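K.L.:
Sharing a structure here in structure tokens format.
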Amino acid sequence: DEETGSSSSSSSHQQHQHNSLPPFIDVLPPGPFYDVERSANVTALVDQPAKLNCRVNKIGNRTVSWLRHRDLHLLTVGPYTYTSDQRFRAVHTAGSEDWALSIKFAQVRDTGMYECQVSTTPPMRHNIWLTVVEPKTTIYGSGDVFINKGSNINLTCAVDYTPQPPSYVIWKHNNKVITYDSERGGVSVVTEKGSRTTTNLLVRGASIEDSGTYSCNPSSAPVAKVLVHILNGEHPEAMHHGGCSPYDVSLGLLAATLTFVATFT
């Protein structure tokens, strides 16, 4: 009994020692493994550098290769580049766990899946999706905008996906630059620059002469346009100022009809 008690006590002590070990001791795999949080998908701007990072822990003497899924092209092996496209190169610092694929002057055609492969048997694979985006300019409510005569024209333009905020944004009316100190008066612009640049054009007391094409012209992004109609008592299908869409009108008529039927049934 004494030996049994001693054995039980020893076993309990060993179990206590095991449980007191840091939890990661039992969790980490023995061989190479990807740090997926440091090997995430990438969004890059067109004509700017793109860098796809692949972090491999405990790689030992194994090699990392990069492949492009679109054409199954082998791009890099270790520090060496295997493509004639000189925009691509492998980036690795000795002793680091990061193996990156660098693309100089990224293009929209570079969008797609890239594979970070480790030379185990069988090979380990981790896929990273690259999205290359172009600068984009949008005027909210693009298309045709209808304004009642005497109401305000209020247009907002957003500029996205530029390496830096545009140095300027110019508003034009029928291809003529809108000046804020003109005889017309009542024109103001407010611009906020950042990762998304927004600019708001306000023209107070719209007249028939204010009809036409308004364009938002950023220094480093495409032009966006909208056609503004100034109405003198007409009733179009859609109104920008205090109006609604044909769908909303249909719902309103349906609701009114149902109310009428319910009242007199």
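Cβ atoms here come from the backbone N, Cα and C positions, even for glycine.
I grabbed these lines from TrEMBL:
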COMPBIAS  1-18  compositional bias 'Low complexity'
DOMAIN    23-119  domain 'Ig-like'
DOMAIN    135-216  domain 'Ig-like'
REGION    1-22  region 'Disordered'
K.L.:
What are the DSSP helix, strand and coil residue counts for the domain 'Ig-like' (23-119)?
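P.N.:
Per-class counts: 10 helix, 43 strand, 44 coil.
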K.L.:
Please list the DSSP helix, strand and coil residue counts for the domain 'Ig-like' (135-216).
P.N.:
3 helix, 42 strand, 37 coil
